Amino acid sequence: MSVTGGSKDEILHKPVLLSEALKFLAPKNGGVYVDATFGAGGYTRAILSSVDCFVYAIDRDETVRRFFQVIENDFPKRTNFINGNFVDIGSLLGEVKVDGIVFDLGVSTMQLKVADRGFSFLHEGPLDMRMDRSTLLTAETVVNSYTEVKIASIIYQFGEERMSRKIAHAIVNARRKKRITTTSSLAEIVRSCFPKRYYKIDPATKTFQALRIFINDELGALECGLRTALTMLKVGSRAVVVSFHSLEDRIVKHLFRSVHGNGFNLLTKKIVVPSRDEVRENPSSRSARMRVIEKV
């Protein structure tokens, strides 16, 4: 999930691959759609603006409700916000059958910019990383209380980081001297494990990704939630998924391929990626990948 802009732009932001998503969703008058990862509401607003339809907006982050209220004022009685995790999409929506669902995965730039959420090493903040702040497990708990072996496993499995063991060892050594409580302190510990030279991405990137994915059970939620979502589609309706790293995309690819030809038709034989113009305008979109499947 990638978002650009400041406070005003957050409300009016353009999501990655928006025109492609709308093309595949093909919203119709009277249709019912689901934005399973509402965020700042870019997809919800675009769908509502395209035709006279209804959109269920789901997000586990209660703080995004302020963005929904703006959209609700613009499109009264045409949308409903549900504060919940899309892993529970079946129970959140009940027996509703829908005309299309969009998933825009990962953490948004909007969330990354809020220092006290602890998602980014670019902003000094507490080691939190919870998308749903009503849950208990934080990144601070993981790095200060989990075993070295467990920390290494998390970093390797969810960050695909080859230096995972060295990083875990450095974390455990550092916490013996002082509790690790901030994003900057963790980032410095991770960076100390790498030779001092230029890197295309910050050496701390994969470790922060791994902790965030683990704490929020992002991959487990994706597989379960997406599988349930497919059962909610009407014939001729589509699920559009935008992912931002290989772990997410692998789950989507394998699930879509497993149901292709068995009541579903895979519409994207190859992944859809942003155009050069979009990447130039929004560099954080460069890793986005879209896959689409249709109920037949």
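Cβ atoms are placed via backbone N, Cα and C, with glycine included.
Positions annotated as S-adenosyl-L-methionine binding site by Swiss-Prot, on the basis of sequence analysis: Gly41, Gly42, Tyr43, Asp59, Phe86, Asp104, Gln111.
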> When the number of other CB atoms within 10 A of each residue's CB is tallied over all shown chains, which of the binding-site residues Tyr43, Phe86 has the maximum?
Replying inline: Tyr43
>> Applying a 10 Å Cβ distance cut-off over all chains shown, what neighbour count does Gly42 (S-adenosyl-L-methionine binding site) have?
In response: 27
